[in-house]
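Here's the structure, in structure tokens; my notes come after.
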Amino acid sequence: MNVSTIAEFIAVLFMLIGAIMAVISAIGIIRFPDIYTRSHAGTKSSTLAVLLTLLGAFLYFVTTIGFVSVRLLLGIIFVFITSPVAGHLITRAAYRAKVKLADTTIEDELADVLNEKERSEGK
Amino acid sequence: MKINNVILKTVTKVVIYIILTLAVYLFLAGHNSPGGGFIGGLVLSTAFVLLFIVYDIETIQKALPFDFKKVAALGAFLAVGTGFGSFVFDVPFLTQAFGYFNLPFFGEVELTTVTIFELGVALVVVGVVVTIILSISEDV
């Protein structure tokens, strides 16, 4: 086994882990009870899945044809920055639209803070 | 109640540079690989639309003081102008020329008149998309 074969194996491994992670993320979106836990499954693990897949593709192109794709690196950075923010915005919009939390929720700390703020502004 | 969306604003400030870089890259790469005026213009206009969504319209219009209808008109003028430029050299309409030049920093570069045509296309796309978004966003 020479070096390029090992590097190719690592690239394929990255892509495989990424694909498995995406499946786990999809299962999480189906199985979790409310939007907040679903967004937790949907943003974190999908982001990592996409990052691992892109990194695998990047490594594969570097090792097989020696092509350093700056577009893939920029894509990795872009997804890493934007995907959690998209999840944050969706969850926040859901909370502001008063979407109910799951029945197993014990404590809602944000509600206290928001009520406090509205009371102080109402004065 | 004023909404505090500092996360979105900060991330936009970083991400906008990646989008603008990609737009310029796609525009310049169009001759030999996927890309070109249309898609470069679309990506450029998504950058503008993102700015318009995250910040308010008045702020961005102060920062980008273009009349986007005039940008679209300028693009159409450029595209037609390269077509009429071929009449100067007594060849049919829209005949495009290219040549190799030694630029001081880049070395030997192939410069074409198609790039000017594509610049026209990109400007038309940016002008049209931003005009559509701005006109449907206003309250009547």
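Glycine too: its Cβ is placed from the backbone N, Cα and C atoms.
The model shown is predicted, which means the values in this text are computed figures rather than measured ones.
The domain 'Na+/H+ antiporter MnhB subunit-related protein' feature in TrEMBL is assigned to B:7-131. Look at TrEMBL and you will find B:12-30, B:36-55, B:71-94, B:114-136 tagged as transmembrane segment.
Contact between the transmembrane segment (B:36-55) and the transmembrane segment (B:71-94) does not hold: fewer than three of their C-beta pairs are under 8 Å, each pair 6 or more apart in sequence. Helix, strand and coil residue tallies for the domain 'Na+/H+ antiporter MnhB subunit-related protein' (B:7-131), in that order: 87 helix, 12 strand, 26 coil [DSSP].
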